[in-house]
Amino acid sequence: MSDPAPRGPKRPSVISPMVLAPAGTTEAKALATDAADHERRLVLIELRLDGGMDPNEVRADFLRLFRRALGGVPPAPTPIAGHYVRCSLTAEEVKLLVNGGSKSAGTKSAQRALQLIYRVWPDLRVKPHLDKSVATIKADAALRTYGSGGSGIVWGVLDSGIEASHPHFAKNGNLTGDAVSSLHKDFSLSQRPSTGPLVDMQGHGTHVAGIIAGECPDPANVVIASTQPTAEGFPEWIPRTLAPGSRLSGVAPQAGLVSLKVLNDEGTTVESVLIDALHYVRERNSYGNELRIHGVNLSLGCDWIPRYYAAGQSPLCRELDLLTDSGVVTVVSAGNMGAGTDTGGLSGGIVGPQAGVYGQLSTITDPGNAASAITVGSTHRSRPHTSGVTYDSSKGPTLDGRKKPDLVAPGERITSAAAGQMAEAFEMLTRDATGNEARYVEDSGTSMAAAHVSGAIAAFLSARNEFIGEPERVKEIFRKAAIDLGRHEFFQGSGLVNLMQALSDV
């Protein structure tokens, strides 16, 4: 019989309380479960990497611990990025693993496990944050004055994929140019065979990408699903065509786009998939030594769970900060949780500069809480000064008191490329016999707002190359150039993105 491990000071649990949340609770409902066994929860195990340790050796030691403690019952773990492992475990299996296979926590095997496991995090579900707006952020004027069309800049889109067959991306070769063609990748978790990163069954990623870059090559073949108000006050969907002389264009029409598919066909994913995709960008950029992807757009986020948010220190937020530190601009949607005045004991409503303007505070969703992220809220597409910040756009500050969002941009009824379920939902967008028409649809949310900022920064970098690889300087330039809408900073951040001013300031 082996001697018990010597007693020492009691250590805090390495298991996040959410991982062990009882079934039926709010926290438990936000957890992702194994598609083949809903009793098992997806967890993200952060390995302990002290200075000088080889990540591959630590991971190999962990896999041996996993097999010794749990045998062959749970599904095999999946390595994620450099120092995470995704596992599918029951709550009891998590506790058994952390104890090194022992029933109690005070044994030598448990101490050995804690030398390998730094933290067990929940692998939370992540969902998307669901023509006139280009002028609102002064992108059209900037293109005419500075030639800031996005040429030579590459932007990664972490979303549901980008539909490569859409004509919007054909004219400038946004998805097929030499700089991007080898970089597309599908990270999504799905029970079905992969459709690949350049097929978008859901439609969200194509809509977001179309705001960032691309342009319609032939206005005559455009069909748009648009909304108009009715006498009853509810909007109705109608078909619309482009007015003579009009064009549909992304903010940086010539920028290259890299489809990093993280959402499955149902439009959901988990944090570990995003971490894997962010790490992939760092790898392709040689960890900052050779930037092939200059920025990324994440128009998505986790559910709003205040108890879990860790002051921007969750695994997803920290991976985003690592990417920014390597020279990549990271743009994230703030979320659409900002409506209402019911505080629920969590945060109070505040009155903005105009009486009667209330919002739910501290509703920014991860990864928008990351310190380095450019977190974006939503405004009206053409009347931001009058209508202000969208009522449901998530509000700041972060739960640890930092100022967010950073900027706001148009996010209401934004027209962009339609694909997948987003296009098939409208009979008016049914393809004609030729199949040559370019389909577009209006959509709203901070997802669309973030895409405007990504496009604006891509356009900026194409005209001001000296700021490539300087994401913190770029962030500060855009914050200083923003237009004050006269709303509270917890609503508007620094204000409305202004590409023309950002370019003229430098």
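The backbone N, Cα and C atoms fix where each Cβ goes, and this holds for glycine too.
TrEMBL does not curate its annotations; it predicts them automatically.
Within the model, the domain 'Peptidase S8/S53' (150-490) shows a mean pLDDT value of 89, rounded to a whole number. The domain 'Peptidase S8/S53' annotation in TrEMBL covers 150-490.
Under the DSSP three-state reduction, Asp159 (active site, charge relay system) is assigned to strand. Among the features that TrEMBL reports, active site, charge relay system is placed at Asp159 (among others).
A 10 Å cutoff on Cβ-Cβ distances gives His204 (active site, charge relay system) a total of 26 other Cβ atoms nearby, all chains included. Here TrEMBL flags His204 (among others) as active site, charge relay system.
In terms of DSSP helix, strand and coil, the region 'Disordered' (377-405) has 4 helix, 4 strand, 21 coil. Annotation comment: TrEMBL describes 377-405 as region 'Disordered'.
Panel annotation: around the compositional bias 'Polar residues' (377-396), residues 132-133, 135-136, 304, 334-339, 352, 354, 357, 359-365, 368, 402-405, 407-414, 444-446, 448-449, 483, 485-487, 489-493, 496 of the same chain, lying at least six beyond its termini, place a Cβ under 8 Å from a Cβ of the stretch. Here TrEMBL flags 377-396 as compositional bias 'Polar residues'.
Feature annotation from TrEMBL assigns active site, charge relay system to Ser447 (among others).
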Whole-number Å only: compute the distance from the Cα of Ser447 (active site, charge relay system) to the Cα of His204 (active site, charge relay system).
-> 9
Rounded inter-Cα distance in Å - Asp159 (active site, charge relay system), His204 (active site, charge relay system) = 7
Provide the three-state secondary structure of His204 (active site, charge relay system) computed with DSSP.
-> helix
